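Annotated features, as they stand in Swiss-Prot:
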CARBOHYD  N279  N-linked glycosylation site
CARBOHYD  N437  N-linked glycosylation site
CARBOHYD  N440  N-linked glycosylation site
TOPO_DOM  1-6  topological domain 'Cytoplasmic'
TOPO_DOM  28-444  topological domain 'Lumenal'
TRANSMEM  7-27  transmembrane segment
Amino acid sequence: MRLAQRYGIALVALLMVGATVLFFWSENIINYENIKFNSPVELVWWSRDMSWNYDVQRQCGIHTCRITNKRSRRPWARGVLFYGSNIKTGDFPLPRNEHQIWALLHEESPRNTPFVSNKEFLRHFHFTSTFSRYSNLPLTTMYLPSGEALTSKDYYVTFDGKSKYGYRPSTSVVFLQSDCDTMSGREDYVKELMKHLPIDSYGSCLRNRDLPESLQKDYLNNLYSPELLRFLSEYKFMIAIENAACPDYITEKFWRPLIMGVIPIYFGSPTIKDWEPNNKSAIFVNDFQNPQALVEYLNKLADNKKLYNSYRQHKLNRRNPISNKKLLHNLVTRQYHIGDSSPGASLFEKFECAVCYHVINTARNVKADLRHYNCPLEPVYAKMEGQKIPQNVADWRAAMEVGQCQAKVLDEFFRRDIGFNDAEFDAELNRRIEGNNCSNSSNT
């Protein structure tokens, strides 16, 4: 009996000890989870161009995020953020931390950072925000303020109203560009058009007219100013040639004339017809064999009211102004567009919150591929007379080939996972170029 009693007491004591251990263990787990839940997710901007102190705490939905440019916080950061135009080839956070992702924001064409549009570079990123519909935070229609901007008649001028300006040719074509010498050979093509057609050219490229004095001061930073839109809306056609011909790379050059009720003469994104408001909203340079053939069609269109207005159904069809379901769906679901002044609506804030959400809810092994920023290695340009090529196409081809080699060098350094500087990067790049060791294989 005494033995049984002692055994029972020992058992009770053992159970109490076990319960105590279990209690403190569970408390530790709960406290750990609370710390993990309550601590903000940290993200670090990796850009020496951000010379100012940036350290903010932002509420991204249900998640609290801390975003900073203090590099000393990298060991605790869940993500490192890069802005494409500011990336320096000798400045990357290596060795990488296993718990971190790399995130890339780049809405521009590859002219400034040609290495970005290569699979060898892209595959080291877990999150992207680019013009491509396939990126994690697509910016394909970012330059279209709203669907209402397309259908509104705020700047609309009737066909007869456009035709009353007797001092202009009936074709009434405008060209407004100050970014010259582009990968797409924009000025070369416009020069060809000018041989067959009078074109009013404003801006720094091929200028033959001056903007009104009130618009000359800072029009590049006011591309959608009401005064500028009213001035341009008097024209029938506007030349809209992108800097580069990348899938889904669509800028204000396409949307602005549509907003004004002016027909765009477009060259650029090969996927542009996926995004036009209706099946016939723009004139596409690629549909014509050469500039002269395009001019012949413009002359026909400019004198035919019914045919001209058939391109402006987004303004004239009240029942169904926009028939493109893909575009309509994008306008409802997209996360960013210009002109949104609400709190937290800037491009960088949207990107930061999207990355914050991503690191919490998505597996780290998901990585970017070539579709996330797909620009061709070989510069693409419009067909010109007599199979001419743009004046500087060879220079752009060489720049893109160097960019491809840069991507391969970066890929090698990233795989080694050891820090490197500009001098080491340049030495390896020069070694490859001098040894003809940069493959020109297909970028697929």
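Including glycine, each Cβ sits where the backbone N, Cα and C put it.
Recorded residues N279 (N-linked glycosylation site) and N437 (N-linked glycosylation site) have their alpha carbons 46 Å apart, per Cα-Cα distance. Proximity of N437 (N-linked glycosylation site) to non-local residues of its own chain (separation of 6 or more, Cβ distance below 8 Å) is seen for R431, given in sequence order.
Of all Cβ atoms in the protein chains displayed, 9 besides its own lie within 10 Å of the Cβ of N279 (N-linked glycosylation site).
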